[in-house]
Amino acid sequence: MSTRKRFGMSWWNVVMAAVTLIAGVIMAVLGRWVAAGIFLVVALAIAGSAVYARSGRASDLTRLNAAEYVDERDRAVGTRALAIVGVVALLLTMTVFVIGMVLLEPGSPMFVVLTGQVLALAVAWAIANVVALRRS
């Protein structure tokens, strides 16, 4: 049985909702109730919007915002939109990384996190380019 039939949403939205829900549980275990509540509300919003987007009553924009594509046009527009998001993410990450290099001590936990994020995005970009070229 496919993820879409089992949960009424794409695998991507199942993962996003599950990760957000797990973050909420972690925050609750740590006693951070406001953060736990926010994560729970966001997880429900992700799942609810994804299920609604597949209902057939949703607009094009709602389907795209929920990443619930129903045809090739939706996929093409979604791909272009996510490419823009990727560029913005790379620029913001590099900006925060440079600021972190100036303000943080090398080896501090946040410095390590920022370095890992930059490296992870660089690897993801390289892999995405290889995959995109193979599919074209």
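Just so you know, glycine gets a Cβ as well, placed from its N, Cα and C.
Marked as transmembrane segment by TrEMBL: 12-30, 36-53, 81-104, 110-133.
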* Recorded stretch, among 12-30, 36-53, 81-104, maximising Cβ pairs under 8 Å relative to the transmembrane segment (110-133) -> 81-104
* Residues of the same chain, at least six outside the transmembrane segment (81-104), with any C-beta under 8 angstroms of its C-beta? -> 64, 110-111, 114-115, 117-118, 121, 125, 128
